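Enquirer: To start, I am sharing the structure in question, which I have written as C-alpha cells.
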Amino acid sequence: MHIPDGYLSPQTCAAGFVVAVPVLATAAARVKRRVRTRNVPTLAVLAAVSFLIMMFNVPIPDGTTAHAVGGALIAILLGPWAAAIAVTVALGFQALLFGDGGVLSFGVDVVNMAVILPFAGYGVYRLVARGAALTARRRVLAAFLAGYVGINVAALCVGIELGIQPDLFHDATGAPLYSPYHLAQSIPAMLLAHLTVAGVAEGILTAAVLGYLQRANLPLLRVNHPGVPVDAAAADAERTRRRRLRPGVVAAVVVAALVVLTPLGLLAPGGAFGEDSPQDLRAALGLAAVPAGLAHYSGFWHDVLFPGYLSGSPWTYIVSAVVGIVVVGLVVWGAATLAVRLFGRRVPVPPPAAEREDTVEQVTDGPAR
C-alpha cells in the first residue's frame, strides 16, 4: 500500500500534502489536549508496533504481497486523531530510513494509511459497538470489522489514485507518464489483496488485541471509552488477570517476539502491487520503456539507512525492525510528551488504588449487551 515515488504525478503528490498537512495539524492539536501524560508511552509503543506490523508481508493469490497497518487498533485504543499521528510517524521513518514508500508521495500515503484507514475503521467500530458494554463480545466483532473495512477503504483509494494516472497524465502519444495501471487493473488488484488476505489480517490483529485487553487490561480500554459501562463480574476477573499477567511485561514479550519473527516477511514471494522498481515494472508488463515521469522521480530519495532491506538477510531485517521501533517510539514519545507538557492539560496520575475503585456498572438486559 506504500506508493513509491514516480508512480504518482507531482500534482497528485501535492494534493496529498494539501490534504494531509491540515489534518495532521488538527490531529496534533487534538492529541495534545486529550492525551494525558501517562498515556504518552502507550502512544509511542503503538506507533512502533504499527511500524513493526507493516514489516510482515503476507502472500496474495495473484503472486503479490500485502501487509496489515494497525491503524484501526490505535484508533480504537487512543482515538483516530492519535492514530493519525502514530501511523504518520511510522510511515515517515519507513520512507526516510528504509525507502519503503516514497518521499514525494508521502502525503498521499499518509492520507491513505494514517487518515482514511483509522477514521473509516473507527467509524465502523463505533457503529457496530454502540451500546455494548466495554467487555461485551460485540466489541471484538466491531474491532474485526473496523480493521477489515478500514484497510479495504484505504486500499480502494490507493487503487483509484494509481488508476487515474494514465488518463490524466500521459504524453502526446497517449503513453502513461507515471503509473501505467488503469482503473480496471489497479482497483481489482488492490481489492483482491486486501479483501482476501490483508483485510483479514488487519481484522484479526485488531480483534485479538481488543479481546486480550478486555480480559487483562481494562484501564487501557477506558482511555478512549470514558463512561462506557463494564460488567462487574468481568471487571473483577480482569483485575485478577491483570495482577497475574502484568500487561506491560506481556506487551514487551510480544513486541520482542514480533521483532524476532519479522524475517518471516521475507518468505512471501513477490512484491506488493504498484511498488515495483522501474526495471521490474518494465519486465513484468513487457513495456518498451519505463514511463518517463516514473523513471525521472523514482530515484528522488537515495539517502536511506537500510537500502534493499526488504531483500536482505534475516539479520538485516531484524536490525531494521529494532532500529525502526526504537526510533519511531522515541520520536513519538518525546514529541507527545513535549506537546502535552507545553500545551496540554496536566492531569495527575491517580494512585494504583484509584484504579481498583473505578466505577463499575452491572450490565442488565437491554442495549448495553
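Cβ atoms here come from the backbone N, Cα and C positions, even for glycine.
Values in this document were obtained by computation on a predicted structure and should not be read as measured data.
The feature transmembrane segment is assigned by TrEMBL to 12-31, 43-60, 72-98, 110-128, 140-164, 187-213, 249-268, 315-336.
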Enquirer: With an 8 Å cut-off on Cβ pairs and a sequence gap of 6 or more, do the transmembrane segment (187-213) and the transmembrane segment (315-336) reach 3 or more such pairs?
Expert: no
Enquirer: Which of 12-31, 110-128, 140-164, 315-336 has the most Cβ pairs closer than 8 Å to the transmembrane segment (43-60)?
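Expert: Answer, by Cβ pair count: 315-336.
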Enquirer: Should anything in the same chain at least six residues away from the transmembrane segment (249-268) have a Cβ under 8 Å from its Cβ atoms, list it; otherwise answer none.
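Expert: Same-chain contacts beyond the flanks: 45, 48-49, 52-53, 55-59, 65, 67, 216, 310-312, 314, 317-318, 320-322, 325.
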Enquirer: Which listed stretch (110-128, 140-164, 315-336) has the most C-beta pairs under 8 A with the transmembrane segment (12-31)?
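Expert: Ranked by Cβ pairs under 8 Å, first place goes to 110-128.
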Enquirer: Between the stretches 72-98, 140-164, 315-336, which wins on the count of C-beta pairs under 8 angstroms to the transmembrane segment (110-128)?
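Expert: So the stretch in question is 140-164.
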Enquirer: State the non-local partners of the transmembrane segment (140-164) in its own chain: residues 6+ outside its ends, Cβ under 8 Å from one of its Cβ atoms.
Expert: 1, 3, 7-8, 12, 68-69, 71-73, 75-76, 108, 111-113, 116-122, 124-125, 127-129, 132, 179, 181-191, 193-195, 198-200, 202-207, 209-211, 214, 274
